[in-house]
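Below is one structure, written out as structure tokens, with a few remarks after it.
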């Protein structure tokens with residue numbers, strides 16, 4: 001990732017006037033979405049006003065927590081302290097190695113129960129696994145769409161919503177700009193999904209290969225969208241896996257440093 005390109009993007013972000021209303025797009029990226037927390041704090045420091053947020057996968061989780069009024073440092077704490085691969089989440093009866101719905105206890109008391117209760121409107125991206133269609137949830141109950149958006153296929157079990165199975169929003173749209181196509185407001189993106197670089201030795205399990213393939217597919221399908229935003233900050237996180245919650249603090253601090261270049 002070209003550091004000069006990052007610096008140009010940050011300079012462009014810094015030039016937005018205080019109180020400017022913006023729409024914000026948060027990519028997926030697992031634990032790497034801790035970088036979005038640094039981005040939200042940067043937006044707060046600049047005095048920009050978030051009109052709405054769209055998020056996919058881990059970005060959907062950040063969006064739902066932030067729009068529910070959870071302080072940024074508390075969101076970071078959730079990323080630092082939550083291991084997605086708890087043995088208690090393991091399942092042999094669901095369509096995934098881990099039962100996504102068991103993860104609900106981590107967030108259900110942190111987020112609002114309905115979209116209408118949020119402080120900021122949000123769009124949660126999830127993939128309809130039966131019909132191969134993307135859906136942007138923005139009304140009704142909040143918990144299940146968030147869980148669905150985070151459910152990596154084959155690893156986490158799909159979530160049933162209105163008798164349809166939904167999985168990771170990143171399968172079909174990992175950088176969801178579509179909800180804002182008709183908006184005239186500046187569109188700002190935070191992208192943390194540059195695929196990690198892996199050696200043959202590191203790709204030594206089905207889980208690791210599945211996750212690497214997901215990152216590669218998502219990135220190749222999304223990179224053209226950067227040109228359809230007013231400014232997108234692409235954080236250089238290819239050296240991080242996106243799976244290890246122990247990396248959350250380091251990712252956050254690195255992104256914070258980049259935003260203060």
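These residue numbers are counts, starting from 1, taken along the chain as shown.
Cβ coordinates come from backbone N, Cα and C, glycine included.
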Inset, instruction - Could you tell me which of the ranges 40-44, 45-49, 50-54, 55-59 is annotated in TrEMBL as motif 'GXSXG'? - result: 55-59
Legend entry - Summary of DSSP states over the motif 'GXSXG' (55-59), given as helix, strand and coil counts: 2 helix, 2 strand, 1 coil
Legend entry - Among 57, 168, the one of these active-site residues whose Cβ has the fewest neighbouring Cβ atoms within 10 Å: 168
